[in-house]
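Quick notes on the structure that follows.
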Amino acid sequence: MGQKVNPISNRLGIIRGWDSNWYGGNDYGDSLLEDSKIRKYLNARLAKASVSRIVIERTLKLVTITVCTARPGIIIGKGGQEVDKLKEELKKVTDKDIQINIFEVKRPELDAVIVANNIARQVEGKIAYRRAIKMAIANTMRMGAEGIKIQISGRLNGAEMARSEMYKEGRTPLHTFRADIDYCHAEALTKVGLLGIKVWICRGEVFGKRELAPNFTQSKESGRGNNGGNNGGGKNFKRKKNNR
């Protein structure tokens, strides 16, 4: 069933941590709905900032939001003006104090969310989907990934009948729980309808115990940080060389 299930949810509690870190009581449903609203708002508001992951932590009176992005300067703005503005906007959504941390993804080519969204934007910009996919595969493998698999589905090239095409290079062992597999599904809106884009990236294998809680080690409301566990840079991370 490793081929069917979402690779991220399949590894929760093993080598992958949760994106919402808090304990809920009777208000669990309200907090969950609030998290959904925050993520939906941020993904729409920061569509051009190459956002990879949004981690939400809660205390009684404070909501801490960590945004992982490949373009932190867009979110921070000049002198932090954009962050302050974003904080005020989110206060209206949650009615609680907001703290925003910015974490820079230093190798966006190894992040499935960023890769999938980049392909989708290129396809919407009328770039040939095969060219966009092959460029993404080449860039990802050049950055040291063990393997990548990309599937695109829909009315490709305006065909009357929808079909799926898959492109892959290297290895993506979905049944191996210690394999660090990143996954994302994105959509591209074209004149002939929606195209679905799925991306799997194997960043190596994790040996030994891995800290499941997000390890964002940069200062608050800054755009600099270590590579962390989000894009394959944890201290227990090892790579195997592929002879291609």
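Cβ from N, Cα, C; glycine included.
Because the structure is a prediction, the values reported are computed rather than measured.
These come from Swiss-Prot:
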COMPBIAS  225-235  compositional bias 'Gly residues'
DOMAIN    38-106  domain 'KH type-2'
REGION    217-244  region 'Disordered'
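Summarised by DSSP class, the composition of the domain 'KH type-2' (38-106) is 33 helix, 24 strand, 12 coil. Note on the domain 'KH type-2' (38-106): mean pLDDT across this stretch is 92.
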